[in-house]
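Colleague: Residues annotated as domain 'ABC transmembrane type-1' in TrEMBL: B:285-480. What TrEMBL records for B:40-62, B:111-131, B:143-163, B:169-187, B:194-210, B:216-233, B:240-262, B:282-308, B:320-344, B:356-376, B:413-437, B:457-479 is transmembrane segment.
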Amino acid sequence: MSDPHAITREIDRSHMQVSDEVAIQITSMNKWYGAFHVLRDINMTVNRGERIVICGPSGSGKSTLIRCINRLEEHQSGHIIVDGTELTNDLKNIDKVRSEVGMVFQHFNLFPHLTILENCTLAPIWVRKVPRKEAEETAMHYLSKVKIPEQAHKYPGQLSGGQQQRVAIARSLCMRPRIMLFDEPTSALDPEMIKEVLDTMIELAEEGMTMLCVTHEMGFAQAVANRVIFMDQGQIVEQNEPKEFFNNPQSDRTKLFLSQILGH
Amino acid sequence: MPTKAAFVRKDMLAPQEPPVSERGAIKWARENLFSGPLNTFLTIVGVLAVFLIVKSALPWLLNGVWNANSMAECREIVAARHGEGATGACWAMVRERWHQYLFGFYPQELFWRPTMAFGLMFVALAPVLYFGNRTINMRMTAVAGVLTILALAGVSASFPQTIAGSEAGGLALLAAVIVFAGLTAVAWMAPRRLLILTLLYPAIGFYLLWGGSIWGPVGALAGFAILAVVYNLTKAQLGVVVATGAGVVVAAIWWLVVQSHVTGALHSILPLGTAHVDSDEFGGFLLAFVIGVTAIAASLPMGILLALGRRSDMPLIKALSVGFIEFIRGVPLITMLFTASLLLQYFLPPRSNFDLILRVIILVTFFSAAYIAEVIRGGLAALPRGQYEAADALGLDYWQAQRLIVMPQALKISIPGIVSSFIGLFKDTTLVALVGLHDPLQGVTKVVRAAIEWKGIYWEPYIFVGLIFFACCFSMSRYSMYLERKLKRDHR
């Protein structure tokens, strides 16, 4: 297996316990784009502390699935319950879920007109109503954690891609979310920047954060995930522990996919 | 053992000047003026054209007469100085009639009021135009103050029969000095406090210009207080949008129906006020600024709301916004002005005597807002979807996302377009001549030309008015460039 970003470091699993408490519950969820059936009968349960990697070919609906969890996309049937709050058309519920769930995007989506520090303090100040000074302290704490406190007063345009993505992670963490969603966080990065972002994500996992990652970084999946979900054509085709998933795939579609991404 | 091909440099060469044909003016001229036969030809034609224009216009400008009492006297002086048949501008008209170009038929003894309003306008604008910049705020306030006081002194000197002639004049000047000194101090110590003046300025400016009972502007301000109270009382139950709507409706009822009775009663109990000036007496640049500045200030927020409305998911709001924008953009401004002067009266409650200038301002504002809305929509469309998603994902609600994330970026993109619209709007204020108001270009010039002593004057008023318009519009354009530079954030 040749993975350019094989995780070589020792991983501290002491905090990585999965509790019985349910964080996300999705039951028979369907979504259409017009007449196109993008997500078909999705059922999944995520317990608190779980680290789940979702993979699959492009167009398989994996991004759409995690975007449904904080209602960036609307589902048309079935139920999504996040932290005990069901996502419906009720705007209050949606805002509540969104403030508990952090999200990191493929293209970072930092706010270019605000400094790094302002990017990190904006939501705590306006959504959580945290006093500015406290919000800035929290922001500096998380910026140190992602190892770029010295960039706090620059603008996003002055940072490299990897640094921007780490700021995006810090920005989400400043809201002290209970669940983190990652939507292909390393796909838009140069190879040498991928590692710094993955390291940040691993640290987050080591602290016991509940994480759902759409990613093709199989090294990360093997090192950190406790479950890998494989999707194709809008459906969950296979899910298993990483070791089993990679060494003993069950369905033909999974075998084909794994041979394609790991075989070269 | 060195080979034949070996070379060792002993003396390093000092840098030399490039050849004469490759530097300075010669290089520039060769590259920009004479780079080929066609360009050489065009350069010669261009120089010739400029020469001919200057040759015919320059004597006229240089022979200008500043001291004369009539057109005929001007002509005599030119003939006497430069010989029969010489041409010369008659700037004496400007010297004689400048106050009409500035104030129209505003009562001369009250010229201090528009002067003061104009000076205070810059103080009120400072914290908006240069937000958070203490030095510029203070400088702008101080300069506006000094110039206003000089202008007040100048106006009093030109019209000795006015307020300055009396003891009260000295007191008024002293009051102006105190006001501006106080404002400069505020700008220095707490520049954000100046925003209070900015918020109150519409009422202050209105009262300075129109005068009358003090209860009028107080009543108008009370309408805003009512709006705020209704909003705060109902926000919890009804949500932001409905609460705002309810506030606006109650405030509108107050303004249109109740206010006149209450202020009338208050005035009969406590008749505080100053001399009332009727809208008919407004004219010149006073009128252009009243209409232009008010419409600019009001059309920006209205344009933002219309642009957001046009992109709204709510069908009714979207339909209303699209309908408004397309209707207004489809109708010529002249038509709207005629509507203002004739039709609007029919739609308002009976006996509500809406001032003509106010009506014109409202329709010019609508007109400009429709264009601004489209400019801002362009800015909104240029924002990547990721910005909206990131704001949503962080849990910001719609209005927070618009205010903190979307608008700062969209407005920044739209600055050139918005300022273009504003410049156009400011120049369009001259069109009010068509509904009988005395705008500087047409209205006042017509009055001046109708006077026997200035009969036959032609270019001078247009050049004078044109120069002032140019100065205003050019300043706006430079300000927009400053703002673009200041807000530039992508250092890539």
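Placed from the backbone N, Cα and C atoms, the Cβ positions cover glycine too.
Those TrEMBL annotations? Automatic predictions, nothing curated.
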Colleague: Which one, B:111-131, B:169-187, B:240-262, has the most C-beta pairs under 8 Å toward the transmembrane segment (B:143-163)?
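Modeller: Ranked by Cβ pairs under 8 Å, first place goes to B:111-131.
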Colleague: Three or more CB pairs closer than 8 Å, sequence separation of 6 or more: does that hold for the transmembrane segment (B:282-308) against the transmembrane segment (B:356-376)?
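Modeller: When sequence-distant Cβ pairs are counted, the transmembrane segment (B:356-376) touches the transmembrane segment (B:282-308), since at least 3 lie under 8 Å.
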Colleague: Spell out yes or no: are there three or more C-beta pairs under 8 angstroms between the transmembrane segment (B:320-344) and the transmembrane segment (B:111-131), with each pair 6 or more apart in sequence?
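Modeller: They are not in contact.
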Colleague: Give me the stretch from B:40-62, B:111-131, B:356-376, B:457-479 with the greatest number of Cβ pairs under 8 Å to the transmembrane segment (B:413-437).
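Modeller: Answer, by Cβ pair count: B:356-376.
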Colleague: Taking residues 6+ outside the transmembrane segment (B:457-479), which of them lie with a CB under 8 Å of any CB in it?
Modeller: 71, 89-91, 93-94, 101, 129, 285, 419, 422-423, 426-427, 440-441, 444-445, 448-449
Colleague: Could you tell me what the rest of the chain brings near the transmembrane segment (B:40-62), counting residues at least six beyond its ends with Cβ under 8 Å?
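Modeller: Here the qualifying positions are 33-34, 82, 86-89.
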